[in-house]
Structure formats: C-alpha cells, structure tokens
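Quick notes on the structure that follows.
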Amino acid sequence: MKSVLYLYILFLSCIIINGRDAAPYTPPNGKCKDTEYKRHNLCCLSCPPGTYASRLCDSKTNTQCTPCGSGTFTSRNNHLPACLSCNGRCNSNQVETRSCNTTHNRICECSPGYYCLLKGSSGCKACVSQTKCGIGYGVSGHTSVGDVICSPCGFGTYSHTVSSADKCEPVPNNTFNYIDVEITLYPVNDTSCTRTTTTGLSESILTSELTITMNHTDCNPVFREEYFSVLNKVATSGFFTGENRYQNISKVCTLNFEIKCNNKGSSFKQLTKAKNDDGMMSHSETVTLAGDCLSSVDIYILYSNTNAQDYETDTISYRVGNVLDDDSHMPGSCNIHKPITNSKPTRFL
C-alpha cells in the first residue's frame, strides 16, 4: 500500500515539475486558459505557486517548472524565470504575522504601541510610535491610520499613566487621590525657617528651632509640595500631594509625623486624635511631639476624592494647647510668599 501511495505522489510531482505531457497548442479563439500563458501564439502551461519556469515552452515541449528554494517564493500561477525573494526579517517595532515559505512572502505588521505609516502589499513598510496620552487623559479612539486619539478624562473617571493603550477608568470607591496636611505651631520666631526638603518617602521642614518630619509608607498619592511661613510667632506649614494617583484600597497609607524641638528638652509625647471624621478610606496616622519649644500645636490631615460627585473627604486632627487660627495668613516658603496649588480644598484656603 505504501509503495502505491509513493508512486502516486511521484506521478503528481512529475505532472507539476515537468509541465504534464500535453504539448502547447494553438488556441481556436486566440485566448488561453487562466492557468496558461501565450508564447509564440501557443498556449503553454503556467507553473503553480511555489515553483518557477526553469524552461519556457516551445512548439513541442511544455513549460518546465522547478520548486522555489529557501527564502524565495511564488504565490500564483506564473512563468517567471526565477522565484521572488522574501522580505527580510521584521524590524524591532514589528511582529511577523506570516513566515516566508515557497508560496507566500513574509508579512510584518506593527507591534503594539506603533501604527503603520506606509502600507505595502506584504504588510507594513514603516511603523512609528503611537501618541502617548498624558496623565489625566485616556485613549478614546484611533485615527484612520491607527494613531491614538487622546481625550481628557471626564467627571468620575481618571488616568494616572502615560500610555498609548490605557483608557480613562472609573474612579474607585472608598479611596482618595489627594492628601493635604496642615500644621500650625506657636510660638515660633520670624527668622526660624532655613530650608524645606523633599526626599521621597520622608518629607522634612527644617528650621533653627524645630524639625518637622513626615514619613509615609504605602501611599500611592505622591507628595510634591511643602511650605513653611511665620507671622506673629504663629507658624503654618503643610504638605500636599498631586491628584493623579488613587490609593490602592488593598494597602493602608500610613503617615508618621515627628515635630522635634531643637533644644535640650526631654519631653516626649504621642498625640491622640482630637477629631476623627474618617470613613471607609484606607489610612493611618501617628504624631509625636519631642522637646519643649512649642506651647500649642494644631494638625489637620485631609484625605480627598476630588473626582467624586460629593467630594468625599476624611478629616483627622490633633491638638496640643490652644486652638490656633491657620487661615489668617497666606502660606509662604522661608519668608517668600507663594499661593497654594489651586487644587487645595477650600477648608485650607
């Protein structure tokens, strides 16, 4: 049985490679069939895909066809003198969607994040990077050539990535995208401020009299501003985040404050909350006061979902001594006054 099958395959191969036994003929109506070509007014057999005409027909012998070699192809009936070369390997910003074989050319298309600037018969000839939507913008569609269309995130949605793929996402529940910390202290001298620093996981305000340090862990909103100003021996300071990242509800944003007086006082106390209007947002705080230089301290911490319809907030406060008015003067930085970011809640403006 195997020998019979082998002979049958060999017979078919002979038909393809040798162009059958039929001789070229003169067409009665002057037209050749679709699988034929005309040469010297004779209709001759074309070579099938995957082969080429190693010898054209004459009056007695039909076309002789030879298989294409590696890296070459023919994709249709032909009487070409040689097979066509496949396209080269795909570029680094492309993916191969069809490999080179004897009947098909290699096809390369653009990788994710790219779009085709120049289309060819065998895939894309030139891929370029898609536009990346900035923070606060999401992908809303694509142009006719495949570039990204960016649109601002509407109310109730947000985006905190720079991406050519991410869309605006619904604002998550029971979380926050903004943290505002206000610290008011008395008494402090007019010349006490020396510098402010931001160091990533630890924000600090240093003065000749005291140091305010805030350590934070697992907080997705990123702290980006701080200030310190003094008026009539009442100092006002604050720390603020941006609004482009939401807190991961599986993690607890933990803030640890230390207000340390730069004297030899040995007192040390951990403050308890004076006010706790917090709800379902995931956060935790501790406040430590070291030294004896301050008689009164107010600390307000506000967690906000600025995209929520009802402007969701959690407010935490701590107090030592008298109630201090932290709304009576414009915040500044080392005696250089500057306005607070427009995104600050009205409670602290």
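A Cβ is built for glycine as well, from the same backbone N, Cα and C atoms used for every other residue.
Taken verbatim from Swiss-Prot:
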{"type": "DISULFID", "residues": "CYS32-CYS43", "note": "disulfide bond"}
{"type": "DISULFID", "residues": "CYS44-CYS57", "note": "disulfide bond"}
{"type": "DISULFID", "residues": "CYS47-CYS65", "note": "disulfide bond"}
{"type": "DISULFID", "residues": "CYS68-CYS83", "note": "disulfide bond"}
{"type": "DISULFID", "residues": "CYS86-CYS100", "note": "disulfide bond"}
{"type": "DISULFID", "residues": "CYS90-CYS108", "note": "disulfide bond"}
{"type": "CARBOHYD", "residues": "ASN101", "note": "N-linked glycosylation site"}
{"type": "CARBOHYD", "residues": "ASN173", "note": "N-linked glycosylation site"}
{"type": "CARBOHYD", "residues": "ASN189", "note": "N-linked glycosylation site"}
{"type": "CARBOHYD", "residues": "ASN215", "note": "N-linked glycosylation site"}
{"type": "CARBOHYD", "residues": "ASN248", "note": "N-linked glycosylation site"}
{"type": "REGION", "residues": "1-160", "note": "region 'TNF-binding'"}
{"type": "REGION", "residues": "161-349", "note": "region 'Chemokine-binding'"}
{"type": "REPEAT", "residues": "31-66", "note": "repeat 'TNFR-Cys 1'"}
{"type": "REPEAT", "residues": "67-108", "note": "repeat 'TNFR-Cys 2'"}
{"type": "SIGNAL", "residues": "1-22", "note": "signal peptide"}
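Known features from Swiss-Prot, placed on the structure.
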{"residue": "CYS47", "record": "disulfide bond", "CB count, 10 Å": "27"}
{"residue": "CYS57", "record": "disulfide bond", "CB count, 10 Å": "24"}
{"residue": "CYS65", "record": "disulfide bond", "CB count, 10 Å": "23"}
{"residue": "CYS68", "record": "disulfide bond", "CB count, 10 Å": "22"}
{"residue": "CYS86", "record": "disulfide bond", "CB count, 10 Å": "20"}
{"residue": "CYS90", "record": "disulfide bond", "CB count, 10 Å": "19"}
{"residue": "CYS100", "record": "disulfide bond", "CB count, 10 Å": "20"}
{"residue": "ASN101", "record": "N-linked glycosylation site", "CB count, 10 Å": "16"}
{"residue": "ASN173", "record": "N-linked glycosylation site", "CB count, 10 Å": "11"}
{"residue": "ASN215", "record": "N-linked glycosylation site", "CB count, 10 Å": "14"}
Restricting the comparison to the recorded positions CYS57, ASN101, ASN173, ASN189, ASN248, which residue's C-alpha is spatially nearest the C-alpha of ASN215 (N-linked glycosylation site)?
ASN248
Can you work out the mean pLDDT of the predicted model over the region 'TNF-binding' (1-160)?
87
Cβ-Cβ under 8 Å from CYS108 (disulfide bond), same chain, 6 or more residues apart: which ones?
ASN87, CYS90, ASN91, GLN94, VAL95, GLU96, THR97, SER122, GLY123, CYS124
Fill in the CA-CA distance, CYS100 (disulfide bond) to CYS65 (disulfide bond), as an integer in Å.
20
Spatial neighbours of the repeat 'TNFR-Cys 2' (67-108) not adjacent in sequence (6+ beyond its ends, CB under 8 Å) are 17, 34-35, 37, 39, 44, 46-53, 56, 114, 122-124, 127, 129
Given the disulfide-bonded residues CYS32, CYS44, which one's Cβ is surrounded by the fewest other Cβ atoms within 10 Å?
CYS32
Neighbour count, 10 Å Cβ-Cβ cut-off, for CYS83 (disulfide bond): what number do you get?
20
Cα of CYS86 (disulfide bond) to Cα of ASN101 (N-linked glycosylation site): how many Å, rounded?
8
Rounded Cα distance in angstrom between CYS47 (disulfide bond) and CYS68 (disulfide bond) is 11
What does the structure give for the C-alpha distance between CYS68 (disulfide bond) and ASN101 (N-linked glycosylation site)? Integer Å is fine.
9
To the nearest whole angstrom, state the Cα distance for the pair ASN189 (N-linked glycosylation site) and ASN248 (N-linked glycosylation site).
40
CB contacts under 8 angstroms to CYS43 (disulfide bond), restricted to the same chain and 6+ apart in sequence, sorted by sequence, are PRO24, TYR25, THR26, PRO27, CYS32, LYS33, GLU36, TYR37
Distance between CYS57 (disulfide bond) and CYS65 (disulfide bond) at the Cα atoms, whole Å?
10
Counting only residues 6+ apart in the same chain, whose Cβ is under 8 Å from the Cβ of ASN248 (N-linked glycosylation site)?
THR175, ASP218, ASN220, SER282
Row ASN189 (N-linked glycosylation site), column other C-beta within 10 angstroms, all chains, value 12
